[in-house]
Amino acid sequence: MKKLLYTLLLGLPLLTGCSDFLDRYPGDALSPSSFWKTEADAKLALTGCYSQFTSGWDIMYWDCASDNAYNFHIHEGYQVLGNSSMSQSDPGAGMFGFLDIRACNEYLENEGTIAFASETTRARYSAEVRCIRAFLYFQKSFNYGDFPFFTSNFKTPEEAKVARTPQSEIYAFVEKELKESIPSLPETAEAGRFNKGAAQALLMRFYLYTGDHAKALATAKSIEGYSMPALSFEESFLMANQYNSEMILTTESVENNYSFDFTPFLPNSSSGWSSVVPTQSLVDAYETADGLTIQEAQAAGTYDPTNPYVNRDPRLRATIIYPGQNFNGGIFDSVDPKSPDFTASANNATKTGYNFKKFYSNLEQFPQNFWNTAKNFPVFRYAEVLLTIAECKVELNQIDNELYDAVDQVRTRAGMPKVDRVKYATQAKLRELVRRERRVEFAYEGLRRYDVIRWGIGEIAMKGELRTCPRGEVLDEVADPATGDHKVNLNKASDLIEVRKFQNGKSELLPIPQSSLDKNENLTQNPGYDL
């Protein structure tokens, strides 16, 4: 693992909590006096920073902190984020840690001692680390608000007991870091590394999430060199196509070294754990194939709620395994009590009646096995640029062909009709459309919670009953000869899973863990979480 390699070789006293501060280097590691000498040292340290950046695990699990997904295995820490029951004593799988920030600081504090062959390379490496650190601080501050902030590492435990810095100051730092770093980055880079486009995409997302639509729009339009690929939506996420023209920045996995294990995500019938499963709310967000919402289609008599998966947006089948679907050599059946995928049949069976499949729609693409794969995951892709252009123009009330064209590029790649310009002609209707497009396009990519929070719809989206799919049966009749999917008759009521309780003014932010409060008396708790 890259993280282990970084820790063992650098042996730097990375601070995860004040009481854990190390005042000397471990005996089996290298100290700064024997490191930070060569460009190879810098490359290794840079790799260590990237190992702290993000991962496919982070990307997929984070949807459980939204209305898109449910995490059954409570020890994994995401169930409490989804139902908003997190507390300072049970904070869930948050990101209130500093190992990642310290790794970046360590690099920037020591790179000046290295003799680079080229100052251009020195500037590039530093820019990459600054982008990683900016990403981390932005993510932490968005989720916690005010956050402990430091750009140089502490020498003593007492120094490390810092108070929280206002979110506005951290955001100003993030913007400055990214704007200063972009000129030092190359136009193209190895997969998994920041280039100009990736840093611009991060700056674009920063502006969008902080509500500066004019700057987000300008930044999105400045990103060049990417396009929607001549691939279907499903094909775009296959191993063979993971370096396609849409991918701006991805995580990187390596078989037998830094591999990715899909076991937690697969259905029980495929030897998986069903740790992250879609909600009925997400399934219902996908339009019908002719561009109607399911509510509109039902009113028109073209949608049958007892056989709901036919004639739908192709992204539904490319993203989600539903009852009756032909998957991994069998027909998925989560509504038959005798099936291994029935919600109550096994601990590892889906609890909603659905499983995700977006990044592993064809398990044959993994030649060794699905627990040792070289699968990468998108951090930024061009569809986000297009939908950012669309959202910003909606919020700025700039309703024009550029807006429609941006959405059309996303929809046509997915096999959906272009936007009906008569139906979606007002700011309100276009806002509804673009928000729905973001949800279904980026499902299982960890963006939904950020959208829910910044749009202020938490009490609408993340409050109330979470239920399974409707009950019924999978029929012997084939619904689609092209896919082998079967018809279903879901004519029985769904079952209650949990009641979610998002609270405005509290649940937007995550709680500061009690363990961190105990170590640092200068920390304060977020509103509503005091014991």
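Using N, Cα and C of the backbone, Cβ positions are placed for all residues, glycine too.
Quick look at what TrEMBL lists:
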type	residues	note
DOMAIN	121-208	domain 'SusD-like N-terminal'
DOMAIN	252-529	domain 'RagB/SusD'
REGION	511-531	region 'Disordered'
COMPBIAS	513-531	compositional bias 'Polar residues'
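Helix, strand and coil content of the region 'Disordered' (511-531), in residues and according to DSSP, is 6 helix, 0 strand, 15 coil. Summarised by DSSP class, the composition of the domain 'SusD-like N-terminal' (121-208) is 55 helix, 4 strand, 29 coil. When pLDDT values are averaged over the domain 'SusD-like N-terminal' (121-208), the model yields 98.
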